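Enquirer: Positions annotated as compositional bias 'Basic residues' by Swiss-Prot: 48-57. Residues annotated as compositional bias 'Polar residues' in Swiss-Prot: 58-73, 123-136. Annotated compositional bias 'Low complexity' per Swiss-Prot: 104-120, in sequence order. Feature annotation from Swiss-Prot assigns region 'Cysteine-rich' to 22-37; the stated evidence is similarity to another entry. The region 'Core' annotation in Swiss-Prot covers 38-48 and rests on similarity to another entry. Taken from Swiss-Prot, the feature region 'Disordered' applies to 48-136. Swiss-Prot lists 49-55 with the feature motif 'Nuclear localization signal, and RNA-binding (TAR)'.
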Amino acid sequence: MNPIDPQVAPWEHPGAAPETPCTNCYCKKCCFHCPVCFTKKALGISYGRKRRGRKSAVHSTNNQDPVRQQSLPKRSRIQNSQEESQEEVEAETTSGGRPRQQDSSVSSGRTSGTSSSGYTRPFKTSSGSSGSACKH
């Protein structure tokens, strides 16, 4: 075993640096590439600049809009309900005395042959990951 030269910095000793340079890839091989990659990528420890979060308003204790404490006056509620009932009567008279019925498939919002969630997975291309310099 070669003796360690005290004049040389520890990171400049032979074999201290990895043979390949560090990359931005986060695959398993690259996460265990060297101690620096392990702490940054695998453990997620970074001693760089901290990200700034959203600042809350200083003058406001809560960030919500104030809720109206007063309900609608009774007179306006009565007028609204009368207007709605008049509209219903007018709709019945224009349709020949009977209220119109809607198709059951339209009213339920269902369509045949489609999935209920509508979610599709993004398609991965055969070019690999996001264009990093990692070649395994």
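The backbone N, Cα and C atoms fix where each Cβ goes, glycine too.
Describe each of these features in terms of where it is and what it packs against.
Expert: The region 'Core' (38-48): residue composition by secondary structure is 5 helix, 0 strand, 6 coil, according to DSSP.
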Enquirer: By DSSP, what is the split of the region 'Cysteine-rich' (22-37) into helix, strand and coil residues?
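Expert: Grouping H, G, I as helix and E, B as strand yields 7 helix, 0 strand, 9 coil.
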